Amino acid sequence: MAEEKKLKLSNTVLPSESMKVVAESMGIAQIQEETCQLLTDEVSYRIKEIAQDALKFMHMGKRQKLTTSDIDYALKLKNVEPLYGFHAQEFIPFRFASGGGRELYFYEEKEVDLSDIINTPLPRVPLDVCLKAHWLSIEGCQPAIPENPPPAPKEQQKAEATEPLKSAKPGQEEDGPLKGKGQGATTADGKGKEKKAPPLLEGAPLRLKPRSIHELSVEQQLYYKEITEACVGSCEAKRAEALQSIATDPGLYQMLPRFSTFISEGVRVNVVQNNLALLIYLMRMVKALMDNPTLYLEKYVHELIPAVMTCIVSRQLCLRPDVDNHWALRDFAARLVAQICKHFSTTTNNIQSRITKTFTKSWVDEKTPWTTRYGSIAGLAELGHDVIKTLILPRLQQEGERIRSVLDGPVLSNIDRIGADHVQSLLLKHCAPVLAKLRPPPDNQDAYRAEFGSLGPLLCSQVVKARAQAALQAQQVNRTTLTITQPRPTLTLSQAPQPGPRTPGLLKVPGSIALPVQTLVSARAAAPPQPSPPPTKFIVMSSSSSAPSTQQVLSLSTSAPGSGSTTTSPVTTTVPSVQPIVKLVSTATTAPPSTAPSGPGSVQKYIVVSLPPTGEGKGGPTSHPSPVPPPASSPSPLSGSALCGGKQEAGDSPPPAPGTPKANGSQPNSGSPQPAP
């Protein structure tokens, strides 16, 4: 029994050949047999020890099967790093097989059908590995590119520019809590009395916000150089690209001080030199900076506002004021000032009130030249209707007398005459819309002359034009549109008188032609109900021949009720070679059908006809077109479209003669159709 137990124990020792294989894998070629035997015994002992400890963990876990976690715990118990990567949710499905005195454990694999593998579609080719580099930082400055975090938003820039400086409390770091006791802390002395701690800000030094140093990288300096040279250069294409870059680039926050200084100094130098072109370019740069949604210019308006106002009220901006158009620069700069006031004026800085005071002071001064007077009025007018109502309208009479004395008096200077004329046009342009809203109609020239002096009649005419334009715009916005479509009609028409009778022709409309749209607009209100002739029937014709246009004579017939006589009025029209579509557009008030059964707008028919080429469509059978549905509203007499060639009002043409066929193709009772006289 002892020998059998010995033999059984000896089977658990690892073979020495395994030690040789491990040694050869490590680069040790020659190893003695005794060394291999000693290593084998040591490794076998360590494995048995770990297995015994793992069994202890298994028994403590009240489990019947040994797991890899038990082996890991045993290794940790021996201060040995555990093995990684051998964990599985289920037990490894090894199968046991024995035969020929040998025991074998193997992994059972599924049988795979080769046809399934062949018919399986190939997987998609994976993308190649590619590397893309971008600048994380350039000399300490982070470029504004999509790969990097976005720069400071506009709201943060506004907060930094408008928030007052805050003093830090002593004993408190920038982001840390108080080191000492708080303001509400109390201390008790030996007598039990409580004493309040001294206030924290008492005698504490103020920590001011450090000055920010705008250091530009080499790339930013190069960008600044290229942008400024392009903005004031002679190439308009480069200037447009540079202004577009300024208006859209999100990474210009660090360059704002340079741009504002460049604009301010550029205006100061070029005003002295009377360089109008460069002043215009600099104002366009200001406009581009203000259009950039990522920039907040609050900290730089103290440099931009004087530069822009200089271009408005400066006495002379160009070398030849009587020839050069410096008035456009003043208007553009005035709009820029209004935009600055709209965006940055608050109750704290009072930008708009200060600018208004400056403009008013220069305008009221009697010695102010006409160029400065023009700029002051333009700047005030661009600030809104309230400023015009409060500051400009009360001084129109005095300004009108000043303008009249220059325009009607002796010629002293051509520059003054041109300036007075521009000031007069500017006042009429900006004051007329305000007066149209303030004063109720009708507009009387005598009343305007009494209130506004010599400018009264001109203002009255401008107000009348403003009212008409506003009414026309409201009419175009509120108009009702009705589009009429119908199938292919066939229509018999009587042509112009020719020698000998003519048989009526059959006219067809092709269906596969690009159709232009014709719009008929009615702007007259519905007339009161009264007896009137039947409604006029308009005929719009187009030719399908290859000729560019064709002239046709159409008979528009009307008849008076009870007269028994009809009159035909020929109308010559020039029509294009494509079929039109008629759109009925009306803004007139529709009268109820019961109140005006026979009015001019009760029934209207609009017929669209296309003529085939010469020699076609003759001798065909006569058929009547399906009636066109009347429009939703009853429009008054319509203004003719481009095809009708004029205006035709209901009841204006004489009644048709007896026996004349009607325009819609219906035949009279007297017999065959007769040619129109």
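Using N, Cα and C of the backbone, Cβ positions are placed for all residues, glycine too.
Remember, it's a predicted structure, so these values are computed and weren't measured experimentally.
Per Swiss-Prot, compositional bias 'Low complexity' is recorded for 554-574.
Feature annotation from Swiss-Prot assigns compositional bias 'Pro residues' to 624-634.
If you look up Swiss-Prot, you'll see 663-677 marked as compositional bias 'Polar residues'.
Marked as phosphothreonine by Swiss-Prot: T120 (among others). The Cβ of T120 (phosphothreonine) has no same-chain neighbour under 8 Å that is 6 or more residues away in sequence.
All chains included, 13 other C-beta atoms sit within 10 angstroms of the C-beta of T248 (phosphothreonine). Residues or ranges marked as phosphothreonine by Swiss-Prot: T248 (among others).
Annotation source Swiss-Prot lists phosphoserine at S264 (among others), citing similarity to another entry. The Cβ of S264 (phosphoserine) lies under 8 Å from the Cβ of E303, L304, P306, A307, each of which sits 6+ residues away along the same chain.
Annotation comment: Swiss-Prot describes R524 as omega-N-methylarginine, evidence class a large-scale study or a structure entry.
The phosphoserine annotation in Swiss-Prot covers S626 (among others).
Residues or ranges marked as phosphoserine in Swiss-Prot (evidence: a large-scale study or a structure entry): S634 (among others).
The phosphoserine annotation in Swiss-Prot covers S636 (among others) and rests on a large-scale study or a structure entry.
The annotation phosphoserine is assigned in Swiss-Prot to S653 (among others).
Annotation comment: Swiss-Prot describes T660 (among others) as phosphothreonine.
DSSP classifies T120 (phosphothreonine) as coil under the three-state reduction. Look at S264 (phosphoserine): DSSP puts it in a helix.
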